[in-house]
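TrEMBL annotations:
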type     : residues : note
DOMAIN   : 1-139    : domain 'Glutamyl/glutaminyl-tRNA synthetase class Ib catalytic'
REGION   : 88-114   : region 'Disordered'
COMPBIAS : 98-114   : compositional bias 'Basic and acidic residues'
């Protein structure tokens, strides 16, 4: 509701985006229930609904651009490795975080991982020192 109020107050656009790429969690009828709920609340939208699964090429291109610019990199770590790392950090009462293992992989190493059937994800290449912060319009 806050996003709708903010859009209306600031002469912005309220855009409905449906995250439907996680097939394992997809619930039949959920999209119509969401749209019905918005209508019931009187929340109209200016664009959409956009379905993430129909816009994947836009996201792939944005990810390619970030990697090419040096602002992101490919990570080949398995979900299991990431879960184990997080559990160990929690056990040690450390703040959970990625160890940047794949940050400096060579093209040859990335090609080898992909040849092994590993599909990489894209991670932002944040500075190694200091803290990365951003100003959120709502939360500060």
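Placed from the backbone N, Cα and C atoms, the Cβ positions cover glycine too.
Look at the region 'Disordered' (88-114): DSSP puts its residues at 12 helix, 0 strand, 15 coil. Taken residue by residue, the domain 'Glutamyl/glutaminyl-tRNA synthetase class Ib catalytic' (1-139) breaks down under DSSP into 60 helix, 17 strand, 62 coil.
On the 0 to 100 pLDDT scale, the domain 'Glutamyl/glutaminyl-tRNA synthetase class Ib catalytic' (1-139) averages 93 in the predicted structure.
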